[in-house]
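Below is one structure; the comments refer to it alone.
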Amino acid sequence: MISKVFRAIIMGPPGSGKGTISSRIVRDFKLNHLSSGDLLRAQVRSQTAAGLKAKEYIERGALVPDRLMVDLILDELKGLSSTDWLLDGFPRTVEQAKALADDVAVDTVINLDVPFDVIVSRLEGRWVHAASGRVYNLEWNPPKEQGKDDVTGEPLTQRDDDRPETVLARLKAYQEMTTPVTDFFREMNLLEQFTGTESDKIWPHVHKFLSSKLPPTG
């Protein structure tokens, strides 16, 4: 077992505000934010045995197998044995969750529960100016002239990923994949669920909960 410090996992569907909540946790509780994608890339860069195997799958455009992904993440976490962290993007399957729980003492799993219709509406209102990357939202940050970039006057576009049917399909796929994972952590009495429609309303509850586990520093 890796030695005991504070370890948290954060879960939530795309568009749930997970990035916003994670950044506030890092700010106020000084946890290290560990993205599974960043950890994977670090292992590939370091040319570890698992990293070299993963590179073969990545270069073929194939998914990295469950067991190999577990080896990659655990290899990276072993180098952080005295670090408080917030793990984001892993585990994604029950097999990964079981392997992680067998090797690491996880303190809590924060699950963001935002209604799908809220997420669809939020992303449906997002439009971008492709050339500059400027992002507008029709609800809280609309362009001065509908459908046009404020600076150049050029037309705004909607990413395919933000179209309602695409968002809903992605959310349903996420739910099917992760419900068994949240059930697993619930059975271990590790899951703490936060339900709401906005990050600003969810955050005070997350902050209060984490403050009962470790003292805030921000």
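Each residue, glycine too, has its Cβ placed from N, Cα and C.
Given the ranges 35-64, 95-124, the record in TrEMBL names 35-64 as region 'NMPbind'.
Here the region 'LID' (125-162) has Cβ contacts under 8 Å with residues 170 of the same chain, all six or more residues outside its ends. A simple way to gauge crowding: the CB of Phe90 (AMP binding site) has 23 other CB atoms within 10 angstroms, across all the protein chains here. Binding of AMP is attributed in the record to Ser36, Arg41, Ala62, Leu63, Val64, Gly89, Phe90, Pro91, Arg92, Gln96, Arg159, Arg170, and the widest Cα separation among these residues amounts to 31 Å. Mean pLDDT, taken over the region 'LID' (125-162), works out to 91 on the 0 to 100 scale. Taking a C-beta cut-off of under 8 angstroms and a sequence separation of 6 or more, Arg92 (AMP binding site) has the following same-chain neighbours: Met177, Thr178, Val181. Ranked by how many other Cβ atoms sit within 10 Å of their Cβ, the binding-site residues Ser36, Arg159 place Arg159 at the bottom.
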